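Remarks on the structure that follows.
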Amino acid sequence: MTPSSDKDLNGLDNPSFVVEDGSHYCSSPDCAAQGPEEGGGTGHGGTKLAYTVTDVPPWYLCILLGIQHFLTAMGGLVAIPLILSKELCLQHDLLTQSHLISTIFFVSGICTLLQVLFGVRLPIIQGGTFAFLTPTLAMLSLPSWKCPAWTQNATLVNASSPEFIEVWQTRMREVQGAIIVASCFQIFVGFSGLIGFLMRFIGPLTIAPTITLVALPLFESAGNEAGQHWGIAFMTIFFIVLFSQYLKDVPVLLPSYQKGKKCHFSPVYLFQIFPVLLGLSLSWLLCYVLTVTNVLPVDPTAYGHLARTDTHGDVLSQAPWFRLPYPGQWGMPTVSLAGIFGILAGVISSMLESVGDYYACARLSRAPPPPKHAISRGIGVEGIGCLLAGAWGTGNGTTSYSENVGALGITKVGSRMVIIAGACTMLLSGIFGKVGAMLASIPSPVIGGMFLVMFGVITAVGISNLQYTDMNSSRNIFIFGFSVFSGLTIPNWASKNSALLETGIIQLDQVIQVLLTTGMFVGGILGFFLDNTIPGTQEERGLLAWKHSHKGGMESSLLISKVYDLPFGIGTKYCAVSWFRYLPACPKRLSGNKRMDELKAAGQKSTVKASSERDSEIGADTRI
C-alpha cells in the first residue's frame, strides 16, 4: 500500500498500523526509509516503535492508549488516599475517601498536562508518590495528631457532623501546608538549574541502581496485592504476557476507511499496543462473573474476598455523578516545622527517582537523552505539581510514574499525545465521581498481577543502563552490586530499628528515617558517590557511550530540539531573545549560521540517501 498524501503518513491513516504487505509496522517506502530515530525507529534494542515521541496516532488510538496509561497509574493513585485515610481518621467515611480519590485523579491530570507540554516533554504520567507517604504518616503519628478513639468506632462516626469534619480536615490542612512549603524547594532546584548542574556528575552507574531500586523494593507491595488471590493475579499476568510477547506479531483485521479504498479491512496489531488494557479488562470481567455467581467468597475474612468487584460497592453508590475539586476545598492550609522537614526528605527522594525516570522514559520511547534544560524544567514543573497537589488537598505530592514508563516498553507506543489523552481521562474521572468510584473497584489481585509485570520491566530497564559501561571492570561490578544490595539492606534494617536512629530531635529523626528507608535514595547516593570518587576513565564509567548513544550526526541537535523544545513557539519567541536565553530552563539555541549549516547538511544527507535508494531500485529493475 502506498499512501496517497503526506497526511496519510502522519495523520489518521498512519502506515505503521495500516499494513498490507506483511511487514510489521511500515508499509510505505517513506516510512521504511526513516532512520532509527525518526518515525517507527528501532533505537537500541532493534525493537521498532509504532509511534515515537513526536508522532500523533489516530484519535481513537490516543484515547484507548490514554485510558490504558490511566489504568496503569490508577493502582497507585487509588492506593495513596486509601492508605492515608486511616491516619486522617477517615476509615469509616467512604464518601470522603471517594472525594480524595477524585481529587488526586483531577490534580494528576493537570500535572501530567503541565509536564508533557511545558516540563520535560516526554511521554510520562504524573501522579501521587509513595515517597511522600512515609513522612506524612510519620507526621500524623505524632501524639498531637493521633485520631481520637471515637473515630475508630463506626457506630460513633457521623460523617456529616461538624465535629468529625473538623477532626479530619485539620489533619489534612497540616499535610497540605507541609507539601506546599516543601514544593517551593523543588521548584527552586529545578528552575535555578541546580539539578542540571548536578547531571554532569550523574552517569549510568548512578542511574542504573536508582531505577532498579524504584521497582525492587515494591516486591512486597505487589505480592500483597497479588496474594489476595493468586489465581486471579496469575491469570492477569498470563493475559498481559500472552498479548505483549506471544501475540504481538499477530494482526487483527479491523474495518478502516480511506479515500482511495473507502471501507475495507486492514490488519492492526492490537495485542501489541493494548496488552495491559486487554489483560486488565478480561481479568476484571472474569472477576465480575465470579462475583455475580458467588464463586468468590462473600465473607470479608475469607481468602479471595478482595477479588470480588463489589468490595468497594459503597463508594460507587454514595459517590456523586458530578463534583469539581477546587483549591482550598478542605480549608486554609497550616504549616509546622516538623511536617516540612519530613516532606523535604520525600522531595529529595522523588527528584532523584524522577531524573532516573526521565532517562528510562527517553530510552524506551527512543528519544535522545534529555538535555539539562529539559531536566531542569521537568523537576521545576514537578515542584509546581506538588504545589498544586497541596493547594487542592490530595494529601500527597506528585512525581513521575515508573509504572507508566514500564508500560512504554510493553506497548511500543511512545507518543506524548497518548499521555495527553491519558491526562484528559484523569481530569474527567476526577470530575465525574461515579467514574472514579467505578474504576476504584478493580480487584486487588488484578492490580497486583499488573504490578508484577510492570515492576519487572522497570527493573530490567534500570539494569540495561549498564550496557554503556565496561562490565568487565571490577570497579563497575563493585559499584553497582554494592549500591543495589545496600539499597535493599539498609532500608530493611532502618524500618525495623527506627528506635536506634532517634536523636531526640523529632524533625531530624523524621528526615533520617525517610532517607534511610528509601531504597532508591540509598542506592542512588552510594552509586553517585562511589562512581565519582573511585578512579576510572570516562569510557570505563560509560559516560562517553551513554551521552553519545543517541547522537546521529548532523540531525542530532535538530532531533533534540524537536523533542525537548518548548511548544507554541515559546522556545523560539522568548528563549532566543533578551535575558530569557540565560534561564536554565530555556533551551540553548544554535546561532543562525550554525543552524542553517545543520539544516543544509541534513538536507544533503537526505538527498544522498534518497538518490542512493533510487539508484538501487533502478539497478534492481535492470537486473530483472
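Cβ coordinates come from backbone N, Cα and C, glycine included.
Listed in TrEMBL:
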TRANSMEM  58-84  transmembrane segment
TRANSMEM  96-118  transmembrane segment
TRANSMEM  178-207  transmembrane segment
TRANSMEM  227-247  transmembrane segment
TRANSMEM  268-291  transmembrane segment
TRANSMEM  330-348  transmembrane segment
TRANSMEM  418-440  transmembrane segment
TRANSMEM  446-465  transmembrane segment
TRANSMEM  477-494  transmembrane segment
TRANSMEM  514-534  transmembrane segment
REGION    601-624  region 'Disordered'
COMPBIAS  611-624  compositional bias 'Basic and acidic residues'
Looking only at residues six or more beyond either end of the transmembrane segment (58-84), which have a C-beta under 8 A from one in the stretch?
11-14, 17, 90, 97, 100-101, 104-105, 108, 125, 127-128, 130, 133, 136-137, 225, 273-274, 276-277, 280, 394-396, 401, 403-404, 407, 411, 413, 415, 417-426, 429, 439-440, 442, 447, 450-451, 454
Stretch in 96-118, 330-348, 446-465, 477-494, 514-534 most in contact with the transmembrane segment (268-291), if contact is a CB pair under 8 A:
446-465
Below 8 Å between Cβ atoms, which of the listed ranges 96-118, 178-207, 418-440, 446-465, 514-534 makes the most pairs with the transmembrane segment (477-494)?
514-534
For the transmembrane segment (446-465) and the transmembrane segment (227-247), decide whether they are in contact, meaning at least 3 CB pairs lie under 8 A, counting pairs 6 or more apart in sequence.
yes
Go through the chain and flag residues at least 6 beyond the ends of the transmembrane segment (514-534) whose CB is under 8 A from any CB in it; none is fine as an answer.
131, 134-135, 138, 201-203, 205-206, 208-214, 216-217, 342, 345-346, 348-349, 352-353, 356, 475, 478-480, 482-484, 486-488, 490-491, 494-495, 501, 541
Counting Cβ pairs under 8 Å to the transmembrane segment (178-207), which of 96-118, 330-348, 418-440 comes out on top?
330-348
